[in-house]
Amino acid sequence: MPDYLGADQRKTKEDEKDDKPIRALDEGDIALLKTYGQSTYSRQIKQVEDDIQQLLKKINELTGIKESDTGLAPPALWDLAADKQTLQSEQPLQVARCTKIITADSEDPKYIINVKQFAKFVVDLSDQVAPTDIEEGMRVGVDRNKYQIHIPLPPKIDPTVTMMQVEEKPDVTYSDVGGCKEQIEKLREVVETPLLHPERFVNLGIEPPKGVLLFGPPGTGKTLCARAVANRTDACFIRVIGSELVQKYVGEGARMVRELFEMARTKKACLIFFDEIDAIGGARFDDGAGGDNEVQRTMLELINQLDGFDPRGNIKVLMATNRPDTLDPALMRPGRLDRKIEFSLPDLEGRTHILKIHARSMSVERDIRFELLARLCPNSTGAEIRSVCTEAGMFAIRARRKIATEKDFLEAVNKVIKSYAKFSATPRYMTYN
């Protein structure tokens, strides 16, 4: 654009010869530029990352299953000749039971096996099995020709009992349980301390408590504490509901209890939680009709497993109930249930803590007075306080708001605590606990 004198203000190249030609970067310059901005250990980190990628690639090649839609290895890794030879050499085995070992101390011991519904045989061991692996009463796998013992088998356990084992840990921790600080401390003394610090009990010469009874009104956090224990401990956790052990046929419930403890003894450390134990643990009586005889047999088997002739081993037992007054005295005695923990109604501090626990996962205002709300919920259980938080969220959704206000909580208190008081069974259960 020209200025006031008419000269053009745009810059022009006066001399094309002064421009230097563009020179391409060589490999040395590129390597130098790559070093800019790198830390001291960048080269070592890069080398380790490359090694990890190579190992992952090698693992995927060896497995050849994860990246395949059919679940098969790549055809390049197939060995059909070896697979065919394996199928011809390995024949299906038959399940039998070793009833007696003859001349066990000799170099060539003999074993009496019982093939179910067929016959009994005196057999030898195959070359793959050591004599120390076979015991009397054990299930074994034998071939169909010479009936030689090829493999020891684990004890037979009902699949219903196996399904009671908790594989995935619950997502509940001790910080998610409010109003039960004293109860959690007592529970951890029984469950965690013997597993983590057994030398303390050995030095004192005492055996740690092995059984705990959790009792209290409904909704006070008994099952919630058991879920927190399952999350905390690394031991095997088995969950049993009392009504699952009530079976139709005679002896089925007692057999399930027996197999349950057999499976627990195979673990290094085990924790069994019986929920609603009053379903099978009621006091024994004779009604004249014999309707509860099977339930009483199941309870007697449970009593025998807890503290009978055979030692229990490293098995901790938790039991929860709303009606401790109905339990049999033989089940309640020390040695079977050493500690009784009462879960009473939470106090003001506990109710405030429970409100904060449930509100921290909600979108709420910052200046909500939780202590005031806790004062408006006297004699309330933790389940009722959780229902208050849920109803407060429902009031906010009904008003098409994204956050819950203190007014929503006040309306929820009026609805849950005051309007639903006629449905509450807490006063009646308080007379039983």
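For all residues, glycine too, the Cβ spot is worked out from N, Cα and C.
Here Swiss-Prot flags 1-22 as region 'Disordered'. Residues or ranges marked as compositional bias 'Basic and acidic residues' in Swiss-Prot: 8-22. Here Swiss-Prot flags LYS116, LYS422 as N6-acetyllysine. Look at Swiss-Prot and you will find GLY216, PRO217, PRO218, GLY219, THR220, GLY221, LYS222, THR223 tagged as ATP binding site, backed by sequence analysis.
Where Swiss-Prot records a feature, it is marked here on the structure.
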| residue | record | DSSP class |
| --- | --- | --- |
| LYS116 | N6-acetyllysine | coil |
| GLY216 | ATP binding site | coil |
| GLY221 | ATP binding site | coil |
Exercise. For THR223 (ATP binding site), which residues of its chain lie six or more apart in sequence with Cβ-Cβ distance below 8 Å?
Worked result: ASP275, ALA320
Seminar exercise, completed: Fewest neighbouring Cβ atoms within 10 Å among the binding-site residues GLY216, PRO217, PRO218, GLY219, GLY221 goes to PRO218
For this session: Using the structure shown, find which entry in LYS116, LYS222 (the recorded positions) has the sparsest Cβ neighbourhood within 10 Å.
Result: LYS116
Problem set entry | For the ATP site built from GLY216, PRO217, PRO218, GLY219, THR220, GLY221, LYS222, THR223, further residues of that chain with CB within 8 A of the site's CB center | LEU224, ASN322, PHE343, THR381, GLY382, ALA383
Seminar exercise, completed: Listed in sequence order, the residues of the same chain lying six or more positions from THR220 (ATP binding site) whose CB sits under 8 Å from its CB are CYS180, PHE343, SER344, LEU345, PRO346, THR381, GLY382, ALA383
For this session: May I ask for the distance between PRO218 (ATP binding site) and LYS116 (N6-acetyllysine), taken between their Cα atoms and rounded to an integer number of Å?
Result: 49
Exercise. How long is the line from the C-alpha of GLY219 (ATP binding site) to the C-alpha of LYS116 (N6-acetyllysine), rounded to the nearest angstrom?
Worked result: 50
